[in-house]
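J.: Have a look at this one before I ask anything.
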Amino acid sequence: MVHTGACIAALMGQGGSQKYGLTWKWLKYFKNDRDRRDLVTCGSAAGMAAAFRAPVGGLLFALEEMTSWWRSALLWRAFFTTAVVAIVLRALIDVCLSGKCGLFGKGGLIMFDVTSANVAYQIWDVPPVLLLAVIGGIWASLYNFLQDRVLRIYNRINERRAAYKIVLALTVSIFTSCLLFGLPWLAPCRPCPSDTSEPCPTIGRNGNYKKFQCPPGHYNDLASLFFNTNDDAIKNLFSKNTDAEFHPFSMLIFFITCFFLSIFSYGIVAPAGLFVPVIVTGAAYGRFIGMMFGSHSTLNHGLFAVLGSASFLGGSMRMTVSLCVIILELTNNLLLLPLMMLVLLISKTVADAFNGNIYDLIMRAKGFPYLERHAEPYLRQLSVSDVVTGPLQLFNGIEKVGNIVHVLKTTGHNGFPVVNERPHSAAPVLFGLVLRTHLVTLLKKKAFLQNPVPAGDDAFEQFSADDFAKKGLGHGDRVEDIQLTDEEMDMFIDLHPFCNTSPFTVVETMSLAKALMLFREVGLRHLLVIPKVSGRIPVVGIITRHDFMPEHVLSLHPSLAKSKWKRLRVKLPRGVKII
């Protein structure tokens, strides 16, 4: 749902779909980098709010995990988006509950009946909760480690032909089906409880009591978990007054199975997801811990399941505030707040000692240059000039067409400094920054000059705002598609009217950590580096987000990888490897 909401927002941000004729004129106002990022952020918040009926949780999820930078304007826009989602979702649920939608709309993660209205816990209930949080953080860090290793293997398989992807998905599917149908044979049949409010054994597709080859009046508790959807399994685990419905051995099997199946299912060519499988795995873990400490605690097993889900979510995804609000909105019980906060903070702290959160590991495996909210300690030892790599490509204020075409074809840079030299300036001066897309537009429109003279005030006559607007994803013009004659290659382009004359700049001696904070908070794509002393070339280099990546920095300065400034992680001894 988060991915779907972001995709819809990105489609709106590029003005609709021209291929299928779904375009609106008013959407052209969003065809720029800032509004597109804001729309994608609001779309992800809407997806989370719709999936869990948690509007405030969706807003905080976008704030805590999805955005690289945050503004007050984006805050109220995302808040308005999730509020509208909650209202529309409530209206559609009411329609479906009236019987007009058939089976559609009756399931889903709505409200989990966790416990009674008055949650009573004593001081001696805190040690089991602390132990649950610590062990949950360790399990979650192991989950992230194994998930990262499996995804690297899957990426090598998926890079091949489509047949390999299909075979991988079929293999995981068949293996999953064999486990789900074979493991319930290990669980013993249990007699139906006498005080249940639903039929036992269950008749139909939903219910807590699956018969699975058991005699009349009995049910198989492991089959009741396996043969339900994830939503119903979560409801069964979270439900109150069900302490005697599950056997500890069955719960242990269910936890181990969900733990490994959720790892092997993510990464195949099917939207398996991460959020809900982690909730199910954590709920099973919490239930098992509740069974172990049930005689020493006043908390029921359903509440332990909720806290177990919180520990796995906090340890795997390393979110705190948004997860706390989402779980509270799911369970509709504010009295869980103190225990929830305690579990999330402890599990996150424990897991942080081993590795990063699951989203960062996935983005690093895919090569996405995502900037962290903090600067690594070793960045404070470096200056901006320590990571600037060359050669730097410069353009004159009035540049020859052939030079522009050559630079665009031989480099992959998206921004180029423009420098004024004699006779247009007494000394070399940095005039501004011009983007690759603007240069391609100038070449496509053939805004050429016969002589290297300023274009004048009529430079924009053959252009409109749409010519320089943000193009749709994957539909930008390429310089290779532009046909130019030899005569046109010898002509000139005046770049002055099309430059950003006030680009962000930093001195080459600035700390790299400070530059990272500036780059991230302002939401930049290019940061120009200027020399500290005059008399040199007016610009030393350009920094992009790739230059802040740990892989790039440590490749240039490998000695920092072993220094004491490297971020502290608990590492296994040499020779001890899991995979």
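Indices start at 1 and increase along the chain as displayed.
Placed from the backbone N, Cα and C atoms, the Cβ positions cover glycine too.
Because TrEMBL annotations are produced automatically, they should be read as predictions rather than curated entries.
Sharing the features that TrEMBL gives for it:
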TRANSMEM  39-62  transmembrane segment
TRANSMEM  74-92  transmembrane segment
TRANSMEM  104-123  transmembrane segment
TRANSMEM  129-146  transmembrane segment
TRANSMEM  166-187  transmembrane segment
TRANSMEM  249-282  transmembrane segment
TRANSMEM  303-328  transmembrane segment
TRANSMEM  334-354  transmembrane segment
DOMAIN    499-559  domain 'CBS'
J.: Which residue counts does DSSP yield for the domain 'CBS' (499-559) in the helix, strand and coil classes, in that order?
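T.: Summed by class, the stretch gives 24 helix, 12 strand, 25 coil.
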J.: Note the mean pLDDT of the domain 'CBS' (499-559), expressed as a whole number.
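T.: So the average pLDDT across the domain 'CBS' (499-559) works out to 87.
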J.: Excluding the flanking five residues on each side, which residues at least 6 beyond the ends of the transmembrane segment (129-146) place their CB within less than 8 Å of a CB in that stretch?
T.: 259, 262-263, 278, 281-282, 285-286, 289, 299, 304, 307-308, 311-316, 339, 342-344, 346-351, 353-358, 361, 578-579
J.: Sort out the residues at least 6 away from either end of the transmembrane segment (74-92), same chain, that have Cβ-Cβ distances under 8 Å to it, and list them.
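T.: For the transmembrane segment (74-92), the far contacts come to 38, 41-43, 45-46, 49-50, 53, 55-56, 58-59, 62-63, 67, 105.
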